[in-house]
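What Swiss-Prot says about this protein:
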TRANSIT   1-49  transit peptide
TOPO_DOM  50-339  topological domain 'Mitochondrial matrix'
BINDING   243, 246, 247, 312  Mg(2+) 1 binding site
BINDING   329  Mg(2+) 2 binding site
TRANSMEM  340-359  transmembrane segment
TOPO_DOM  360-370  topological domain 'Mitochondrial intermembrane'
BINDING   360, 362  Mg(2+) 3 binding site
TRANSMEM  371-401  transmembrane segment
TOPO_DOM  402-443  topological domain 'Mitochondrial matrix'
């Protein structure tokens, strides 16, 4: 009640104060103020002495800093609670597999990476950060260190089968990898590139028979019409082929980008910069950068072969499309020709049907008394219509015939014989001159 009674006194004084002073007063009253029961006496102090103390810049700065610290602490707590958790599968040099869960913040702090380095990207890429190789292949993300290989968040059944059955043996040296005598990162990179090439090859091997079978059914000359269901299947397979061509192109571009720069090849040899023994071997005779270049060139050629195979399928689809269009045009031409023939027949019948129209006007004539006149007029009508229709069809056939290629004018036999005799005479003269010159030189 005392607070309510003191409001008329406080409001005029509060209206004179600036907005920042009022905010500071509100913060201070809510944080360190006394209970509400003692508001009457405190109200007068707020109007006079407390307002003067709180209006200072130091007091305002302290209140703003406290408010800022509170919001930053809350935001950090919420970010820590919302931080994503990765399911990490670790492979060491001996092929041992361990799985664990780790927060993203903890993981990139342990690996010495930045938060942007562990972002998921659906584009194929190979990058090096802080002596760590980061490989992204759509749903596969891997971090390669000189000691181990980390696979982050695999969510594919086929990938799981490859991870736990084939990859450990390849990393331990029991597989058919060419880079087994080289450091660990070579084996890891080769295993991942080999898996991705096999994946692209599998997609192509699935699409190729489907596309060829559909094209054979569409281009078959036995079928006069085009099956729309086959066209729909071909359209879907064409879209899948376009996606495969894009994946192969991105794979080739990512490898070619590394091959064009020697510094990136040197950075991919991470054991060279962390292990002094490997550095001595690389300095002595084994050039690890050159070995890495040969490895990437090999898989670039494999990707190029896949690209050529996909391009051949695309050319077959385009050629078959042109053949289908030609067949459709031929069927359309047949229908148009039939329409012209029927139109000509209708025209000829209507032309000689005028005779029947003349007799149907109910006019009296002497021809109606003879019973043979009906059959005579009817026969003349049909014969005349048939003759005119035949003439129109022959005219149409002459107009639609393809023009013959121009004939080459043949030379007469006499000129050919004369040319041959002249050639023989010239050859004999040259031989005679040559023999005479040789005799003179011998003498």
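Cβ coordinates come from backbone N, Cα and C, glycine included.
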Tertiary contacts of the transmembrane segment (371-401) (same chain, 6+ residues out, Cβ under 8 Å):
337, 340-341, 344-345, 347-349, 351-353, 355-356, 359
Whole-number Å only: compute the distance from the Cα of the residue listed as 'Mg(2+) 2 binding site' to the Cα of residue 247 (Mg(2+) 1 binding site).
36
Going by C-alpha positions, which of the binding-site residues (243, 246, 247) is nearest residue 362 (Mg(2+) 3 binding site)?
243
Helix, strand and coil residues within the topological domain 'Mitochondrial intermembrane' (360-370) as assigned by DSSP:
4 helix, 0 strand, 7 coil
Those binding-site residues listed as 243, 247, 312, 329, and which of them has the most Cβ atoms within 10 Å of its own Cβ:
247
Which one, from the binding-site residues 246, 362, has the smallest tally of other C-beta atoms lying within 10 Å of its C-beta?
362
Determine the Cβ neighbour count for residue 360 (Mg(2+) 3 binding site): the number of other Cβ atoms within 10 Å of its Cβ.
8
Summarise the model confidence on the topological domain 'Mitochondrial matrix' (50-339) as a single mean pLDDT, whole number.
80
Can you give me the Cα-Cα distance between residue 360 (Mg(2+) 3 binding site) and residue 312 (Mg(2+) 1 binding site) in Å, rounded to a whole number?
71
